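Working notes, structure below.
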Amino acid sequence: MEKSSSNETQTLTSKKELLDCTEGEDCQENGLLVKNPKSALHGDKGEAGQISNGYSVVQSPVPCNGIGDGEDVQCTAQPQLLELEERETWSKKMDFLLSVIGYAVDLGNVWRFPYICYQNGGGAFLIPYTIMAIFGGIPLFYMELALGQYHRNGCISIWRKICPIFKGIGFTICIIAFYIASYYNTIMAWALYYLISSFTSELPWTSCKNAWNTVNCTNYFTNASITWTPHSISPAEEFYTRHVLQVQRSKGLDDLGGISWQLTLCLLLIFTIVYFSIWKGVKTSGKVVWVTATFPYIILFILLIRGATLPGAWRGVVFYLKPDWQKLLATEVWVDAAAQIFFSLGPGFGVLLAFASYNKFHNNCYQDALVTSTVNCMTSFVSGFVIFTVLGYMAEMRNEEVSEVAKDTGPSLLFITYAEAIANMPASTFFAIIFFLMLLTLGLDSTFAGLEGVITAMLDEFPHVWGKRREWFVLGLIIACFLGSLSTLTFGGAYVVKLFEEYATGPAVLTVVFLESIAVAWFYGINQFCSDMKEMLGFTPGWYWRLCWVAISPIFLLFIICSFMSSPPDLRLFDYNYPYWTTIVGYCIGTSSVICIPIYMAYRLIITPGTFKERILKSITPETATEIPFGDIRMNAV
């Protein structure tokens, strides 16, 4: 078929070329080719040809009389060519890949993986980590990319095309994303404060002569005769806890203290950068990630080379990779491996659905899933060398074991231990600047992605309200996230960050992805899902992927959920032990997002007419057909 000019509207078929829209076949609706929702239950698909043009197809009714030369024929509609607005797509394939990599590779790759690796058997940990990646993390990652690319919707409205009763999952994801934005960006504000403080000839966390230092401050780098004792505190630790966070001015979660105006200004600048990076959509954010996703790799390479040349670096590498095979018999090691690969790849946050929805319909998301997940896992592994070469150097300087130096976890590993090591290297100012710039770019990518998941979801769900007002919606979302972050900007804000990190995201996201995998594999149907992928990619996923989606991945998720629920984390930060009531508060925060799922299920069943059985059947049947995007229209020939 010839391509039509942009200013023409033509009929695609003559009277003899009728398109019958009956049950079990594809139909035209709202200017797009759609699949009959009823046929989606059985996986029936007619043979289709492809039309390549810049338009979409819509049916216009035609009278029965005069058709078929007096014969009794079924009334059909005649497809017409209409000029409609096309969904935004990535400018380049690399924009998408860098956005996904930037989302998946975040601060956790730098601080969480190395710590979990040495804690769970060193090199031996790589075995459960790889197994969990192959059978759990990567299949779920691939599934979300495929769902988003095929159905081309955000995490809320996509459920109308899969299983409507699970639509509450989308609202849960949006609430989780709000919680993450409320504490994750505060960590970046800390990094920005460090970055600004690095523009001096002598870094402020190298001296014990500052107003915030105590009598326990011990600077063993400048004086070799000083002995490190159990009561010693490094100047880097006091700079972090007493100057940046000012935790000494808070008694804990029951008395957070005032708001730090310095951190508030840093966070305001962070959110300003975020707003102007995502306000116009993937066309702008896709360009920003060329810097924010590639810059960390340049810095990691520089820091790896520098760390390898430090005295004692080999001690850290041995400690990092020395296998402890007995650890493989412990259940906790396998739980940690499953949790690490899951949170590293990041399914369940709505981001992969949103990013993939802007792909071209026939993009090879299978290849994308393998490439990006491999890059993510390799980044985590290499980051371990960057961290532990420096920890080996620290142990050499303190004349201690690496295990004693490596006690700091989470953000403290970066802002205390690593910052202290950098401060005592030659050209310390240069290395401090590039290191904290790297942390900022790692965090910005993930923030772009997390908020884009919410933005895409809301714009797709309420196009008549926000479709033409994206900039205003993004501004409102940014303001809401900034206001939600105020508790983390207090003097006890670090305690709030820890609480949200442990309870607001972990179990809630695990529950979301567990239900998502069940809904797709068991309700929508694994055969229908694989049929969709064949239409999109040209090949059907093999038995390995089917088995993972149907059984192994849901079991993998259930395994992590049960482990978490059976042993909630015992929270401690610095010298503060979290009281028992914070566990209840934590579970309430986690439940506040997940509660959307049963609430929407009940609401759906109440508003659906019919008997209870009919309501159930209607609620698990796709109610909105899937559009085949412009340029990839497929028609059933009669």
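Each Cβ is built from the backbone N, Cα and C atoms, and glycine gets one as well.
Automatic, uncurated: that is what TrEMBL annotation is.
Residues annotated as Na(+) binding site in TrEMBL: GLY102, ALA104, VAL105, ASN109, SER344, ASN376, LEU442, ASP445, SER446. Long-range neighbours of SER344 (Na(+) binding site) (same chain, six or more residues apart, CB within less than 8 Å of its CB): ALA104, GLY108, ASN109, ARG112, PHE113, GLY137, ASN376, CYS377, SER380.
Neighbour list (CYS217 (disulfide bond), Cβ cut-off 8 Å, at least 6 residues apart, same chain): CYS208, ILE233, SER234, PRO235, GLU238. The disulfide bond annotation in TrEMBL covers CYS208-CYS217.
Mean predicted confidence for the domain 'Sodium:neurotransmitter symporter serotonin N-terminal' (42-61): the pLDDT average there is 37. Look at TrEMBL and you will find 42-61 tagged as domain 'Sodium:neurotransmitter symporter serotonin N-terminal'.
Beyond the transmembrane segment (96-114), the same-chain residues lying 6 or more positions past its ends with a Cβ under 8 Å from any Cβ of the stretch are 90, 145, 187, 282, 285-286, 289-290, 292-294, 296, 320, 340, 343-346, 351-352, 355-356, 358-359, 363, 368, 371-373, 375-376, 379-381, 383-384, 386-388, 409-411, 413-414, 439, 442-443, 445-446, 448-450. If you look up TrEMBL, you'll see 96-114 (among others) marked as transmembrane segment.
Beyond the ends of the transmembrane segment (126-147), by six or more residues, the same chain brings 100, 117, 120, 158, 162, 328, 333-334, 337-338, 340-342, 344-348, 352-353, 355-356, 365-366, 368-370, 372-373, 377, 381, 513, 516-517, 520, 529, 532-533, 536, 545, 548-549, 552-553, 556-557 to within a C-beta distance below 8 angstroms of the stretch. Feature annotation from TrEMBL assigns transmembrane segment to 126-147 (among others).
Summarising the annotation, TrEMBL assigns transmembrane segment to 168-196 (among others).
Among the features that TrEMBL reports, transmembrane segment is placed at 259-276 (among others).
Taken from TrEMBL, the feature transmembrane segment covers 288-314 (among others).
Annotated transmembrane segment per TrEMBL: 334-358 (among others), in sequence order.
According to TrEMBL, the transmembrane segment annotation covers 370-395 (among others).
Taken from TrEMBL, the feature transmembrane segment applies to 430-451 (among others).
Feature annotation from TrEMBL assigns transmembrane segment to 472-497 (among others). Residues 178-179, 181-183, 185-187, 189, 245-253, 255-260, 263-264, 267-268, 271, 274-275, 278-279, 411, 451, 454-455, 458-459, 466, 573-574, 576, 578 of the same chain lie 6+ residues outside the transmembrane segment (472-497) yet bring a C-beta within less than 8 angstroms of a C-beta in it.
Only residues 6 or more beyond the boundaries of the transmembrane segment (503-526), in the same chain, are considered here, and those with a CB under 8 A from a CB of the stretch are 40-41, 43, 140, 143-144, 147, 159, 162-163, 166, 169, 172-173, 176, 179-180, 183, 339, 342-343, 347-349, 546, 549-550, 553-554, 557-558, 560-561, 564-565, 585-587, 589-591, 593-594, 597, 620, 622. What TrEMBL records for 503-526 (among others) is transmembrane segment.
According to TrEMBL, the feature transmembrane segment maps to 547-566 (among others). Tertiary neighbourhood of the transmembrane segment (547-566): same-chain residues 132, 135-136, 139-140, 143, 331-332, 334-335, 338-339, 342, 506-507, 510-511, 513-514, 517-518, 520-522, 526, 529, selected by CB-CB distance under 8 Å and a gap of 6+ residues from either end.
Panel annotation: around the transmembrane segment (578-603), residues 165-169, 171-172, 175-176, 179, 252-254, 495, 498-500, 502-504, 506-508, 511-512, 515, 568, 570-572, 619 of the same chain, lying at least six beyond its termini, place a Cβ under 8 Å from a Cβ of the stretch. The feature transmembrane segment is assigned by TrEMBL to 578-603 (among others).
Proximity of distant same-chain residues to the transmembrane segment (370-395), defined by a Cβ-Cβ separation under 8 Å and at least 6 residues beyond the stretch ends, is recorded for 97, 100-101, 104-105, 109-111, 113-114, 117-118, 126, 129, 133, 137-138, 141-142, 297, 300, 303-304, 307-308, 310-321, 340-341, 344-345, 401-402, 404-406, 413, 417-418, 420-422. Proximity of the transmembrane segment (168-196) to the transmembrane segment (430-451) is established through 3 or more Cβ-Cβ distances under 8 Å for residue pairs spaced 6 or more apart. When each of the listed stretches 288-314, 334-358, 430-451 is scored by C-beta pairs under 8 angstroms to the transmembrane segment (259-276), 430-451 comes out highest. Fewest Cβ neighbours within 10 Å among the recorded positions VAL105, CYS208, LEU442: that distinction goes to CYS208. A Cβ distance under 8 Å defines the sequence-distant neighbours of the transmembrane segment (430-451), meaning residues of its chain 6+ beyond its ends; these are 99, 102-103, 105-107, 109-110, 177, 180-181, 184-185, 187-188, 191-192, 194-195, 198-199, 203, 270, 273-274, 277-278, 285, 288-289, 291-293, 295-296, 299-300, 302-303, 306, 349, 351, 355, 414, 418-419, 422-423, 474, 477-478, 481.
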